[in-house]
Each structure stands twice: as structure tokens, then as C-alpha cells.
Amino acid sequence: MSSFPGDCGVPTRLTSAQLKEQFRGQQTFSHGAQVSYECRPGYYNPLRKPFNITCLEDNEWSSISDFCERRSCTNPGTPSHGRVDIPVDVKFGSEIYYTCEEGYKLIGSPISTCELSEGKVGWSEAVPDCETIYCLPPPNIAHGMSSAGDQASYAYGSAVTYKCEPSPRGSDKYSLIGNSTISCTLNSQNEGAWSSEPPRCEVVTCTEPTIANGKIISSYISQYNYGDQVIFECNSGYVLRGQSIVVCEVGDKWSPGIPVCEEEPSKPPASLPPDVIDKIKKPEVAHGQVFHLFPVVKKGENITIECNAGYTLKGSSQIQYLGGGKWNPDIPTCNFSVVIIIILAGIFLFSAFGLVFFLYQFYNKRKGKNASASVRAEYSTCHG
């Protein structure tokens, strides 16, 4: 807005550009006056042409928008054994972040900004270094030795293995308690530290375990030392409760504890699962046939029964499976037909009557022949 009638006020302020030196400080401009912009430090004009605005008769400046773009910093570079993260770009005002690979420590600034310096853009910080992280020499242990040499330090990832010294003749042997190997790793402060405390070399023995109603089936050992295992098994008729394998631990203890053998309970009859109860094999009917599409009948399905020739169905010809081995109505039977029985009985009686009649006729014929022969004999005697 103009300060006086017929004039334009101070031109629009841009983020990336500013008025040229000769127009700065002037508060009013007459109609038709032109002013020019130039890019601010850290920006450049990609079109390489002047940008002007004019004071118009309505006391307003002609329109203009930011035409300058941010300058870009050079490639920041990547540290050895590290990486650079560029969230957006490498232009003026942007930040980048440096990190190191595991086992390396960042020496320098983790953040760098593309900024203006002596009229040019460049990175605020030098590329940092990623140095190897080291651990101090591992501790020595009593009655033991390690694979470590006489180095002053150990690089990240280095491993050291411990073992126990041989026991004097006639003495119990030393057992290694703890992790036999430790590694150079990192602590919460990202400093080198060993992964755990070193192991110990001690004499550890355990009393031979016993189990009632059971026995030890592992190899016999005259003396049980740290880490030795024992395997148990129960006698017939007993069930093992607990772990079958126990290990000798510090303090004459067996871990996870000696199991017990309990008398095996009688087993209840196994119940059939629902899918077995709800389907059944197609039944068989003596002297008859069962009709169904499949050999297995499911709950709710019907079957049809027909008897063979000469047999009569007693019951319903169609029954339904209710599940659980039950049918509605009950499975029918095929009995010998009464008509057939009567016919067979008639045939038997007729045959029997015929046989009796035949025997009777045969007997009478024989009797007649014997009587005739006797008469002829008597006649011959009288007229002889």
C-alpha cells in the first residue's frame, strides 16, 4: 500500500531474492517506476534474466514470485566403515547425518549442514572418521588359562576361549563353570566391553542320584562332575513325572531336579470322537440287501433294506441313522417266508403219504404172491 496518494509503497519482500542495492531504503515509488531483484546469498537465478516489477496506476506493484533456487553443496563424502544419510537433498540449509558400522566409533560431528561461508555454500563439518572399537585384555582366571595373547587391546568381534588346568594327580578335576568363550562387544555407552564375565574353574561333584521304582539307564560313572548327565527310566507299571535327563550343577545339585516314578493309573475307556459317533458303517442284514450310495452312513441319512427271495421283511424297509449307533426304527430282519413253509410242508406231507401208499401196495402184492404159492403147493400134494 502506498504512503502517499498516487504512489506505490515498499515492493514485495521475497524469501530467496532481495531488491538491488539502489532500490533499498526507498519508501515510495511513482507510477511507472520499475525496481529490480537479485538472488540472496545461498541462492541463484536459474533463468539468468533480470526480474523487475512496476508500480501500477492503482498504486500496486505488478505480481512476482520467488524465482531464485537454493544452491547445492558438493558431494559430502562417506567415511570408511560408515555411511551418510541424506533425508532430503544437499541444497542450502539441508542437514545430513553420519553413522558408523557396528564395531566402529564415530570421531567427529554426526551432523553437517549446507551453509553459506564467504559467499559460497559448503558443509559446516568435515567428514568424520569411523575408528575400530577395542576392548581391554580379558581377565585371567584361577586354575585356568585362555587363548588370549599378550596384546594390549582386542578389536571388536575378537573372541577368547578359556579352559581349566589339569588337576594334580589324585585330585578331583576342575570343571569350567560359565561360558567358555567371551567376545569383545559394545556396552550401553557404545564402548568396547566383553560379552560376559569370564568362567570359573572349580571342583564340582554330585552325589549319585537314586529314584524309587525306577533306574538309571545312562552309562555308569564312578564320580559325577559338573555337567555330567544322568538318564532315568521307570519300572513297568510306573510313569515318570519330571525330566528324564538331569545335569550335575554347582552345590551337589541335579538340575532340573530328580524326577519321580508314580504308579500308572488305570486308563478309562476311550471315548469316540464326535465325527466317529456321527457316522457308521452300512449295516449287514442276514438274507437281505442294504441299499445306500456310500459304505458309510452319516447321522440323519436313510437306508433301504430288501430281503432275498423266499424271505419276508420283519420291520420297516427304510430306517434312519440317529447317531451313536442308534437307528429309527430298529434294523429289521429277513425271516423265512410262511407261505414257503406251508408249501414245503405240503410237499413233505404229500411225499410222505405217497411213500406210505407205495409201501402199502408193495406189501399187499408180496402177501398175495405168497398166498397163491401156498395153494399151488397144497394142490400138487393132494393130486400127487
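Positions of Cβ are set from backbone N, Cα and C atoms, glycine also.
All TrEMBL annotations are machine predictions without curation.
Owing to the predicted nature of the structure, the values given are computational and were not obtained by experimental measurement.
Annotation comment: TrEMBL describes CYS234-CYS261, CYS307-CYS334 as disulfide bond. What TrEMBL records for 6-70, 71-132, 133-203, 204-263, 278-336 is domain 'Sushi'. According to TrEMBL, the feature transmembrane segment maps to 336-360.
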- Do any residues of this chain, six or more beyond the ends of the transmembrane segment (336-360), have a C-beta under 8 angstroms from a C-beta of it, and if so which? 310-312
- Query: Counting only residues 6+ apart in the same chain, whose Cβ is under 8 Å from the Cβ of CYS261 (disulfide bond)?
  - Reply: ILE211, ALA212, ASN213, GLY214, CYS234, ASN235, TYR238, VAL239, LEU240, ARG241
- Message: I'd like the number of other C-beta atoms within 10 A of the C-beta of CYS234 (disulfide bond), please.
- Response: 21
- Note on the structure: Simplified to three states, DSSP reports CYS261 (disulfide bond) as strand
